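Working notes for the structure below.
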């Protein structure tokens, strides 16, 4: 859906084209649009996947389900990424094809903003590691409470715990935060004093995943927990993972930054070419 500002930009581009003639002879316009089309298509894919996931969960028929959820819905993140990618791809593609300075400036400014936000997050995360660790703990514990509320969130936590061989934020006791796994006497859940199956140490002899392997495991002595479940918290696991993969993380960050800088350079170059051609028509 095109908002009023984008509509104004498109109309101004059409009027400019009629006043100053066709500027499509500029070679950079086609190359710019060729770069933005994959970004726009990726945004459409993200939006499609997100809307499909919401339709499968019945959210599209009852949007209040999003507000009733206490944890984070991963689909919301997918949709946000899709909206941003589609908007930037649309602005860059149409701006390049129509030689529309308004859309190109919007694209360029948005990429610059995203670039500096990424840089600021990286610097702040390095300088305030304890604060980031506390916020991540609160975030993880909040989603533990909502583990059974959303299937996508449940799958996300299970994947995180299995991939990092961890359980809970700082350990299996964190699952007391969830009403189904809580050990209190008021709980009548079959999963009481247990942990999700993703916390279980895998048995190579089992061909089928045992989803009940975590039942009653926390009723045993703590000294025996590591025989059947992971006892390391996921925060410690992630803190250990980052130093081991620092070069990969840095490489990905640098690659994304270079692509953003390249996009900014192309947009500014095309804007300069358009302004030069328009200035020539005044004489």
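Yeah, the Cβs are placed from backbone N, Cα and C, and that goes for glycine too.
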Item to check | TrEMBL annotation of transmembrane segment - which of the ranges 75-97, 144-166 it falls on | outcome: 75-97
Item to check | From 33-54, 187-208, the residue range that TrEMBL assigns the feature transmembrane segment | outcome: 33-54
Next on the checklist: My understanding is the cutoff is Cβ-Cβ under 8 Å with a sequence separation of 6 or more in the same chain; which residues meet that for residue 167 (disulfide bond)?
Outcome noted: 161, 174, 175, 195, 198, 199, 229, 230, 231, 232, 233, 234
Checklist entry - How many whole Å apart are the CA atoms of residue 183 (disulfide bond) and residue 166 (disulfide bond)? => result 20
Next on the checklist: Can you tell me how many other Cβ atoms are located within 10 Å of the Cβ belonging to residue 183 (disulfide bond)?
Outcome noted: 13
Item to check | Nonlocal neighbours by CB distance (under 8 Å) for residue 166 (disulfide bond), same chain, sequence gap 6 or more | outcome: 160, 199, 230, 232, 233, 234, 236, 237
